[in-house]
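Peer 1: Dumping the structure here so I can ask a few things about it.
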Amino acid sequence: MDERKTARKGVGSRHNSLFDSMTLSFRSLTLKPRHLFTRSYNAVHDANKKAEPELLVRVLNAVRHRPMAALRFFRGQTVFKRSELAYVVILDILARNGLMRTAYWVMENVVAVKMDAVVDVFANSSSEVSVKLLDLLLRVYAKKSMRDKCLWVFYKMVSKGMLPDVRNCNRVLRLFRDGSNLMREVYSVMLECEIRPTIVTYNTMLDCFCKHGELQQALQLLLHMQKIGCLPDELTYNVLVNGLSLKGDLEMAKDVIQEMLRSGHQVSAYTFDPLIRGYCDNGRLDEASGLVEEMLSRGVLPTVVTYNTIMDGFCKWGRVSEARQVLDVMVNKNVIPDLVSYNTLIHGYCRLGNLGEAFLLFVELRYKSLVPSVVTYNTLIDGLCRFGDLDVARRLKDEMIKHGPGPDVFTFTILVRGFCKIGNLPMAKELFDEMVCRGLQPDRFAYITRIVGELKLGDPSKAFGMQEEMLAKGFPPDLITYNVFIDGFHKLGNLKEASKLVQKMLYDGFVPDHVTYTSIIHAHLMAGHLRKARVVFYEMISKGILPSVVTYTVLIHSYALRGRLELAILHFFEMQEKGVYPNVITYNALINGFCRVRKMDQAYKLLTEMQAKGIFANKYTYTILINENINLGHWQEALRLYKDMLDREIQPDSCTHSALLKYLKKDYKLHAVQHLENVIGGG
């Protein structure tokens, strides 16, 4: 018994000596009673703590009047454990002395070591300091994008009647701009607790509503903020212009800019860029260009993003030569083109088949010390594969390996698709295997590309083998996989096997979509089963599945090819009534149909109509018209079309040249070739 007493006494003596040695390093330290936070901590945690952390807390409490000395001691402490209570005490000391910037560093450490219990300590105290410290913790969580922790502290504070600073509420709101209801809930709680929103609050809410297409809510919020005297600022207007432009309400977006100008707010490229993008996406390229001119007239300098947007619009709508002119304008205005500028133009030229110009730009960007990205290379490789120059495409892939950036899964998938397209399956397989050997994991699209190739070349067993490999790699069959197999069997003429796959797809819980039905319709049309194709088409509609532009185009092409132009026209108007708009392939199918029956006036009428709608003729459109004009002996018109084709930078192919030359007599062929050369040279 005496030994135990002696032992306890020894422990006490050791602690006293430790405490004495710690206090000797400070002058005139007076031990003060532990603060309220110590009592709060003991209410949350067990009181039986190790002596060393207790001593650290006692020393910190002893030097409260010297906060920086306390902090230096706390930061340099290696002997004693920094307990949650020690963090609470040092934070309290710093906050009471107004050292909130320093307290922020300590709070970051609290978060780093996951001492979540401090929240309850602060929340159980009703002091003003505890509110400041919880607010500080909320700010740290928000900065680190710790969404769950932010909500936890936010709701803990309001449940205890502690009001977070509105700036921290705004930070929390920004974390939930993904369109979830949590942002609305936080905002509602702010209003319930009478936390007065600021312009930042409203701008954050407006930005979320606009980006998610909730324009009605955005406009209601705008009216509310104006009603309570919170006037919109430049950011408010910019957010609204962006939201309206994304939604396609371009006239209202323009009105917002005009209102912004009338109210004397500063406009910038960030104001105009979304509307320019909206105009470009809708083919209103002249209005987009006009907006750039308006910017310049108002002293607003377009940025590289502005010019890239315009270039992308021109390229998207087939006006690549005008996009190239924009690049020249950029340079003249001392706006330096970036990699996006060149990638946009390269993609535009590749789409037109003008690979020569695309490669000139490729050389130019490297000359200007820009480094081609994997997107640059993939765009060129895709263009080469689409137009049959696969050897150059492979060499470009090899250049990527040697000089960087290395090829990715998409690079190899493009090449595999290209070689499958020309029937070179061994090379496609070699490239697929090379991709795997380089440590690249094929994705679902890569596997499906191989499957399409196997089916195209009539080897369903290998295609199913690839599907099994997909399954082993964690890619179970989905609707796309089934559609690929169904379409593959249809193209092989094996409608029976395709029908079995449709049944299996249904058994596996997949519902046929417009792609499935279009494949079945196309198969019946190819087999000459026009009645069956119509039955499937109306079955599709009866099930509430809207036919796509491809569905209608397949029907229009088939009827036009067979001279059933009345049915082709019927579907052409029907699709537009249903909100499905024809594309260049649809128009080509009808133009070809009218050319075959020598109704050239109708064919040209369709050409004019499509161009008025911003749908630009491609090489197939021109080749169809050139071919029929040659058939009719309209040589000059054929040449005019050919020249127009070249002026639009649309590259003719062998079919175009064959159409020009096929009906000429041998004696005139040399003259014809010379004439074509003069046309190309502008002579």
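From the backbone N, Cα and C atoms, a Cβ is placed for every residue, glycine too.
Copied straight from TrEMBL:
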REPEAT    130-164  repeat 'PPR'
REPEAT    198-232  repeat 'PPR'
REPEAT    233-267  repeat 'PPR'
REPEAT    268-302  repeat 'PPR'
REPEAT    338-372  repeat 'PPR'
REPEAT    373-407  repeat 'PPR'
REPEAT    408-442  repeat 'PPR'
REPEAT    443-477  repeat 'PPR'
REPEAT    478-512  repeat 'PPR'
REPEAT    548-582  repeat 'PPR'
REPEAT    583-617  repeat 'PPR'
REPEAT    618-652  repeat 'PPR'
Peer 1: Across the repeat 'PPR' (338-372), what does the pLDDT come to on average, as a whole number?
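Peer 2: Here the predicted model's pLDDT, averaged over the repeat 'PPR' (338-372), is 94.
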Peer 1: Using a Cβ cut-off of under 8 Å, list the residues of the same chain at least 6 residues beyond the repeat 'PPR' (338-372) that approach it.
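Peer 2: Same-chain contacts beyond the flanks: 304, 307-308, 311-312, 314-316, 318, 320, 323-324, 327, 330, 379-380, 382-384, 386-387, 389, 405, 619, 649-651, 653.
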Peer 1: So how many of the residues in the repeat 'PPR' (618-652) end up helix, strand or coil by DSSP?
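Peer 2: Grouping H, G, I as helix and E, B as strand yields 26 helix, 0 strand, 9 coil.
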Peer 1: Using Cβ atoms and a strict cutoff of less than 8 Å, what residues sit near the repeat 'PPR' (198-232) while being 6 or more residues removed from its termini?
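Peer 2: Same-chain residues near the repeat 'PPR' (198-232) but 6 or more away: 166-167, 169-170, 173-174, 176-177, 179, 183, 187, 190, 239-240, 242-244, 246-247, 249, 265.
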Peer 1: Do any residues of this chain, six or more beyond the ends of the repeat 'PPR' (583-617), have a C-beta under 8 angstroms from a C-beta of it, and if so which?
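Peer 2: For the repeat 'PPR' (583-617), the list is 283, 317-319, 549, 552-553, 556-557, 559-561, 563, 565, 568-569, 572, 575, 624-625, 627-629, 632, 648, 650.
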Peer 1: Excluding the flanking five residues on each side, which residues at least 6 beyond the ends of the repeat 'PPR' (233-267) place their CB within less than 8 Å of a CB in that stretch?
Peer 2: 199, 202-203, 206-207, 209-211, 213, 215, 218, 222, 274-275, 277-279, 282, 284, 298, 300
